[in-house]
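Participant: Structure in structure tokens, see below.
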Amino acid sequence: MKVLGIESSCDETGVAVYDTALSGVPALRAHAVYSQIALHAEYGGVVPELASRDHVRKLLPLIRQTLGEAGLRIDELDGVAYTAGPGLVGALLVGAGVARSLAWALDVPAIGVHHMEGHLLAPLMEDDPPQAPFVALLVSGGHTQLVSVKALGSYEVLGETLDDAAGEAFDKTAKMMGLPYPGGPQLAALAETGTPGRYKFARPMTDRPGLDFSFSGLKTQVLLAWRSSDQSDTTRADIARGFEDAVVETLAIKCLRALDAAGCNTLVVAGGVGANKRLRARLQEAAQRRGGRVCFPRPALCTDNGAMIAFAGALRLQAGEHADAAVHVTPRWDMACLPPLAAARESGVGNRE
């Protein structure tokens, strides 16, 4: 089954083709992503209306490009998957409308995919994929969640942020210190040059039981430190390092607690912040110490992309799911409400025998 995946939940237009006849890395026949960073930079954040209009402009050219790179004609597709939520409603509707139209014209099934399930399943596209049960850390600009995955499609949220997501905290902290948009990657790059330990910030909510997160207080702590400093380039880098260390250590502590709570030893990390080098190194170190395993998607598949939507959609289409002819999107959508992936269980994909 060759499935076209369309991602348009926010400010990246992603398209990919996943082929279930193959496995591992080669199964991803082609993928392309167009980022709207330059479009939104002058506003310091994503403008929903501009995001929607840009998806309209970029989606069809990206589909043509991706099919060309995959060496496929459009009539060779067996299904179309699209992000149905959560996300910006206008942006979601663009992708859903194009996907449903293509599916109708080609007389193939279409399926709406949960954006965060796409992220969660992305590491399964790599060689030697993780097997359920495992714990997933979903960490991005809009979400920070710890999820127990008993089987593919069977999700229990163990903890989540009570305010800012980790990626959002990165972006807002960077903006407070005068770094350009998008701030998160800029702050992480700057932290590489900072002096460890000069600024030591709190590890929020790690001094009490529970698996929820909170980053708003940390953000305020950094703001106060910045305002009272000499605001030199050196100090900016040192504060960035202190902030990143605090976030990384907080995530690591909570991940280890979640593994203990779930009674498993495999951790999956996905979402845009999952590309952070310091986070990857810290979690790999923690996994080795406990004799466990941590799995990441390749960095290009950490940020929003069509590949994860094509893959998640392919699994659900194989399970017999498909959308009706109407265009449905769900801007707010609880992943725990998703149905189990029966076909994936039967085939052994991502589940222990």
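Cβ coordinates come from backbone N, Cα and C, glycine included.
According to Swiss-Prot:
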BINDING   HIS115, HIS119, ASP304  Fe cation binding site
BINDING   LEU138, VAL139, SER140, GLY141, GLY142, ASP171, GLY184, ASN276  substrate binding site
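Where in this structure would I find these features, and how exposed are they?
Facilitator: A simple way to gauge crowding: the CB of ASP304 (Fe cation binding site) has 27 other CB atoms within 10 angstroms, across all the protein chains here.
According to DSSP, ASN276 (substrate binding site) sits in a coil region rather than a helix or strand.
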Participant: Consider each pair of residues in LEU138, VAL139, SER140, GLY141, GLY142, ASP171, GLY184, ASN276, all listed by the record as binding substrate, and report the largest Cα separation in Å as a whole number.
Facilitator: 17
Participant: Which of GLY141, GLY184 has the fewest nearby Cβ atoms, counting only those within 10 Å, among these binding-site residues?
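Facilitator: Least crowded of the binding-site residues GLY141, GLY184, by Cβ count within 10 Å, is GLY141.
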Participant: Residues with Cβ closer than 8 Å to the Cβ of HIS115 (Fe cation binding site), same chain and 6+ apart in sequence?
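Facilitator: When sequence neighbours closer than 6 are ignored, HIS115 (Fe cation binding site) has GLU7, SER9, THR83, GLY85, PRO86, GLY87, ASP304, ILE309 within Cβ distance under 8 Å.
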Participant: List the Cα distance (Å, whole number) between GLY141 (substrate binding site) and HIS119 (Fe cation binding site).
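Facilitator: GLY141 (substrate binding site) and HIS119 (Fe cation binding site) have their Cα atoms 13 Å apart.
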Participant: Considering only the binding-site residues GLY142, ASP171, GLY184, ASN276, which residue has the minimal Cα-Cα separation from HIS119 (Fe cation binding site)?
Facilitator: GLY142
